[in-house]
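Colleague: My questions will all concern the structure given below.
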Amino acid sequence: MPLLKTFIAIFVGYFLGKKGLFTAEASKGASQVSMNISLPALIFANVVPAFTSQNVSALGPLFLTAFSYLGFGFTFGLIIREICYVPRNFWQGIVVLCAMSNWGNLPTAIVEAVMQEAPFNRNSDPALGVSFVSVFIVSYHLVFWVGGAARSLAWDYLPGVPQGAEAERRLAWHEKPIGGFIARYVLHLKVASPAPVYSEKADGASVSEKGPMEMEKGKDVMDDLEANLYASLQAEQPELGMVEEDHAYETDPDVQLARRTSRLSITSNRSRRPSLLAGISPSLPQPPATPPPSVLHSSEQANVHEHSSSYFARLQKTLRPLSAAVTPITVSLVISLPIALITNLKALFVNTTNQGGPAWYGPDGNPPLNFIYVSAQFLGEIAVPLSLILLGASFARMQIPRPLSRLPIMAMLAAALAKMVLLPVIGVFLIQGMVKGGLIPREALAERFVAMFLSGTPPAVNQLIVSSLYSTTGDVDTLSAFLLIQYIVMFFSSACVDFPRACASIINIDFCVSIQSTDSGLLAASLTTSDDPRMQPVIRL
């Protein structure tokens, strides 16, 4: 059973988390190793030997498939938010939850395990499958970090958005965003406008009405919203343990990416410390006031300096989201793809004689740079078990609201149905259409399996980290409940992938393309997609 070891690793992480042997700080350190070292090494070690000039054409259809799944997910989230009861401080959270899937270590582990069995080629398809999964990982990073999906999670915690028990008040359909738009502009109903929330874009009129002091106060509130975790850690006199926890939180890779796409990347931790401490302990000695500027400093020089600093600040704010695209995973893919496609360069790392490449060998009988490839393989081997243990430990730390009647049960079931049932069905028909249209070769079993399988993965757990960063109270229990339901469903739905060879056609309906009656009156379903000797009859009724 190829998936049994996957579930055992997750259970080990859950057990360690429950017993307190794998704490949050340990998870953050392990996630650093996973995201910055082992997973990039795994991608490099699989992309270099797997991709050739013959199968690199799979990148286009896979990127198209990934962005199609994201688009369908966003649509499902918007529909569920409008139809079902969802707490007010989770309106954007459910949209992101339905759109962004776990396209990281979890599907990598499952793809590696499944492709060791028939009808896949266990010599080449596992590495090829991991390479195809990396395309979905890059798509996830582009949308979640660069595209602003992570940043949009802050909308649920803006000033004016109710929190706590007030957020659980049920609203009529016309009080929701899309329903209110339809009621006002399509049905022409008299509907009260929604309560305004703070926005970064304030025009001149609002400034003149509220006054500069009040607007400045609003911006400070938004800054503190993004830095609430910092404020809670720095407002008190920190002890050693608190400093260590702050450092562990700071080094979390998802937190670093979140800060690089927010205003907090400009205002550093240290720049906030004096203002926070000054606000709490006014009796502390203050530094001497800065002397007034000399009369020799002309107003023109001040204006030029202010204009220059504001220009660079705007440029930095504009380019800041793009920096989130530069991660160890994307860098690994960018480096490994040219190596895999340029035969003479590839021959420095792996043997390419079977692809018509040169036979370059060092004194040890291996290619000159083979030690880099072998080292990447060695480091990449820890990625899958470590990530599964991390996932299990995160389940152990989830907190479900009590009583359960407070939870949006219908929205939770609808989200699970949309992501784990409806989207996979759409994915099967989408890939079948691509096969018939010629975008995906019929004999490309690994590509078709990865494209279909990644349509049914649960949400990404790192949404918990980003939501905790933006939450004014640190309460992400509603999100935890949504995640728990979908991962429970995943355990059962993924079991369908762990199939005996006699039932292999269940996972991909196009693998079994001909059903004919035999002389004995029985029905025989045969795999006739290609001349591959692996494609033999698998089901007889």
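Placed from the backbone N, Cα and C atoms, the Cβ positions cover glycine too.
Marked as transmembrane segment by TrEMBL: 58-79, 91-115, 127-147, 322-342, 371-395, 407-431, 479-497. Residues or ranges marked as region 'Disordered' by TrEMBL: 249-268, 275-301. The compositional bias 'Pro residues' annotation in TrEMBL covers 284-294.
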Colleague: Under a Cβ pair cut-off of under 8 Å, which of the recorded stretches 91-115, 127-147, 322-342, 407-431 contacts the transmembrane segment (371-395) most often?
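Modeller: Looking only at 91-115, 127-147, 322-342, 407-431, the most contacts with the transmembrane segment (371-395) come from 91-115.
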Colleague: Would you mind listing the long-range same-chain contacts of the transmembrane segment (58-79), meaning Cβ under 8 Å and 6+ residues beyond its ends?
Modeller: 94-101, 103, 132, 135-136, 139-140, 143, 178, 415, 418-419, 422-423, 426-427, 430-431, 434, 439-440, 444, 447, 450-451, 454-455
Colleague: Using a Cβ distance cut-off of under 8 Å, indicate which of 91-115, 127-147, 322-342 has the most pairs with the transmembrane segment (407-431).
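Modeller: Against the transmembrane segment (407-431), the leading stretch is 91-115.
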Colleague: Mind checking which residues reach the transmembrane segment (91-115)? Cβ under 8 Å, same chain, six or more beyond either end.
Modeller: 2-3, 5-6, 9, 34, 39, 42, 66, 69-70, 73-74, 76-78, 80-81, 122, 125-126, 129-130, 132-133, 136-137, 139-140, 143-144, 149-150, 152-153, 155-156, 176-177, 383-384, 386-388, 390-391, 411, 415, 418-419, 446, 449-450, 453-454, 457-461, 463, 467, 478-479, 482-483, 494, 497-498
